[in-house]
Amino acid sequence: MTLEPSSCMKTQLVSAIQLQEVELEDCDTSKAPEEVKDDKHYSVEQAVETIGFGRFHILLFIIMGSANIVEAMEIMLLSVVSPEIRCEWRLEDWQVALVSTMVFLGFMLCGVLCGYVADRYGRWKVVLGGFVWGAYFSFLTSFAPSYGWFIFLRSMVGCGVAATSQGFVLKTEFIPAKYRASLLPLASIFWMVGSMLIIILGMTVVPTLGWRWMIRLSIIPSLILVVLFQFIPESARFQVSAGNMRGAVETLRKIAQMNGANLPEGELREPVVKQRGNASTLISPTFRRTSLLLWYTWFVASFSYYGSVLSSSELLERNLLCVTDADAEHHIKHDQEVAPCYCIPFNFADYQTLLISCLGEIALIPLNIGLLNIVGRKLSMTILQLLTALFFMLVNVCTTMFGFTVLLFLLRSIVSMNFNVVYIYTAEVYPTAVRSIGMGFCTSFSRVGGMIAPFIAQVLMSKSVVLALLPFALCAILCSIDSILLPIETRGRALLQQQTQ
């Protein structure tokens with residue numbers, strides 16, 4: 001039996017007698033580098049990291065951050081307008097609490113829908129639609145002829161807020177990994193600005209023009225953002241997942257041009273994701289444990305945040321604080337059943353206390369950034385939840401008015417920090433194909449917490465301050481354990497494009 005000489009062996013023999021041989025190419029590796037060079041390609045993740053941080057991201061941070069102003073104004077409006085509608089329509093405690101619950105119900109029902117649409121048809125369309133929808137129904141709310149119409153229209157506003165919250169996903173998908181832990185917590189600045197704006201409107205407009213004009217003026221930021229949002233492109237990560245490679249390259253090229261950078265060499269190459277917005281992925285073996293734990297984490301984040309906001313308003317409105325230096329007016333403990341009027345409007349000092357507590361939203365941002373970069377997302381959530389439980393119980397301690405303000409300030413700081421970390425972790429842990437619907441499910445579960453919080457903070461508060469604050473502390477303690485059990489740490493981790501096995 002004879003063996004046929006290999007192609008490479010034949011080439012070597014021909015080369016030995018200095019003859020040209022076409023087969024030389026079969027084993028000649030001298031051209032390999034050129035072939036590799038011609039075959040260069042890159043992913044969106046590599047493009048985002050290569051482009052780095054620049055002018056585009058500053059514009060993105062300002063415009064998308066301003067979306068938090070709109071969201072904060074619509075949500076925080078409830079704590080300012082509650083005393084006014086209580087008086088106008090002679091509402092009982094549970095009816096006032098139902099207003100907040102209906103807003104969060106609208107948010108919950110639309111949260112999943114908006115996430116599904118964002119994963120299927122794009123983040124940009126959903127966020128823009130949220131601005132328009134929210135502004136329209138908020139404007140209609142100012143003409144509500146009755147309590148029933150008011151809560152219906154506010155629930156429609158909740159749907160708009162659910163859509164604008166997808167802006168966090170859009171923003172996250174453009175930011176390089178090493179900047180996410182520093183930039184995303186700074187969104188608290190815009191939330192604080194929105195909270196302060198609505199309180200200032202309540203302080204200046206409500207006593208003169210009434211609460212209806214306060215709502216009308218509050219939609220101005222939404223209208224401005226409808227115009228500014230035209231400067232933000234669709235997510236390149238979504239575009240490649242949808243097979244729109246040309247659109248993704250154009251988006252990345254414009255961003256690189258704005259930043260004075262270049263795209264990586266070669267062509268953009270990533271597989272098209274056929275199943276986008278598939279909710280079953282969230283409970284697949286890969287993500288089941290993460291999703292279940294995250295849903296409870298979001299529930300507690302919202303429950304504790306709005307619990308801190310609404311309980312502070314209720315404590316101030318009813319003078320239920322245990323303070324050692326209360327003036328004559330604040331010695332009176334208001335009870336709706338015996339009060340001569342159903343409403344007790346905030347006075348100037350109450351508005352001041354709420355404003356100072358809003359500053360707590362940004363006071364500890366450096367600490368938040370440090371925690372995210374040093375100990376990671378999971379341990380940050382654990383630490384912040386334990387601190388949340390501690391400060392909720394400290395609010396029960398008798399102190400001076402200054403002491404209460406400091407406690408409220410720190411409580412708002414901690415719950416705000418925790419909400420930031422939860423947002424960041426969720427946007428990082430899910431792949432692009434289900435990132436929006438994953439965020440949608442999480443925000444929907446968070447609104448369950450928002451729906452329950454008013455009945456604890458506003459209804460139970462009049463019965464017992466301790467009993468009203470205890471559920472928030474207990475839920476936070478359980479959530480600290482929940483955070484430890486999360487299977488994935490996302491610090492420094494690239495954003496996944498599709499599910500990995």
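Note: Cβ is positioned from N, Cα and C throughout, glycine not excepted.
What TrEMBL records for this protein:
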type	residues	note
TRANSMEM	58-82	transmembrane segment
DOMAIN	60-491	domain 'Major facilitator superfamily (MFS) profile'
TRANSMEM	94-117	transmembrane segment
TRANSMEM	124-143	transmembrane segment
TRANSMEM	149-170	transmembrane segment
TRANSMEM	182-207	transmembrane segment
TRANSMEM	213-232	transmembrane segment
TRANSMEM	292-311	transmembrane segment
TRANSMEM	354-375	transmembrane segment
TRANSMEM	387-411	transmembrane segment
TRANSMEM	465-488	transmembrane segment
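When Cβ-Cβ distances below 8 Å are used as the criterion, the transmembrane segment (292-311) is approached by residues 75-76, 78-79, 100, 104, 283, 381, 385, 388, 392, 395, 408, 411-412, 415-416, 418-419, 422, 425-426, 429, 441-443, 445-450, 452-454, 456-458, 461, 468-469, 472, 475-476, 478-479, 482-483, 485-486 of the same chain, each at least six residues removed from its ends. Below 8 angstroms of C-beta separation, residues 96, 99-100, 103, 127, 131, 134, 138, 154, 157, 160-161, 164-165, 167-168, 170-171, 174-175, 183, 186-187, 189-195, 197-199, 201-202, 206, 211, 214-215, 218, 221-222, 224-225, 228-229, 231-232, 258, 306, 309-310, 313, 317, 346, 354, 458 of the same chain, each at least six residues beyond the ends of the transmembrane segment (58-82), sit close to that stretch. Within the chain carrying the transmembrane segment (149-170), a Cβ under 8 angstroms from the stretch's Cβ atoms is held by residues 64, 67, 70-71, 74-75, 78, 85, 89, 98-99, 102-111, 113-115, 118, 123-124, 126-127, 129-138, 140-141, 184, 187, 232, 235, 423, 427, 435-436, 439-440, 443-444, 447, all 6 or more beyond its ends.
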